[in-house]
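K.L.:
Sharing a structure here in structure tokens format.
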């Protein structure tokens, strides 16, 4: 299905990460075929407001704070202002974590059931999830991708990506009481200045081809590191919830 996508910035709460890749680069077109653009209807058009990623043919994972009504999911996009051979879906069920806390953003994870199964091809693919015992270690460098603002605050129509270093949990704990290393990741080296920002929420933090984190929040405006949801902790919940979503 062809879709002409017009990107407009959505307004999100201050502490959430909603499409900004700072000091990153443009992704090779369709090199991250698991990426999803989440759009919701605002005014008289659909607007990109969060990222997500395909974990099964009809299931997209994202952040719980990205929950909106009338979500459209776009798969197979690179330039969201050009006509591309994308697949467009309505969401029939949204399942945020039942213990999601909108203040601390603890348990900031959600699964979306699509209206039909995606057709997997060269530009639309699923991404692997970690095992429950897999923990990303401080010093490891992984990648986040998203659509939106660049370092100069201009809007990008193309998918951007940036490599970010995992930090020790103490660094985030020292900046905020609302950090729990068992369910969250502390990401981004302050000395490098690379970051995620508005519009990237819900996108995957990918380490060696595995989605290890979900872009969640920043500790305070303009600061590093960022806080991501640690996916491996939620594997039992993910497995249980995917089974529930597959039921008629």
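Each Cβ is built from the backbone N, Cα and C atoms, and glycine gets one as well.
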K.L.:
Hey, which of 67, 152 does Swiss-Prot call N-linked glycosylation site?
P.N.:
152
K.L.:
Could you check which of these recorded positions, 142, 172, 180, 186, 207, sit within 10 Å of residue 65 (active site, charge relay system), going Cα to Cα?
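P.N.:
Near residue 65 (active site, charge relay system) by Cα: none of them.
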K.L.:
Please identify, among the recorded positions 180, 186, 201, the one with the smallest Cα-Cα distance to residue 207 (disulfide bond).
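P.N.:
Given the candidates 180, 186, 201, the nearest one is 186.
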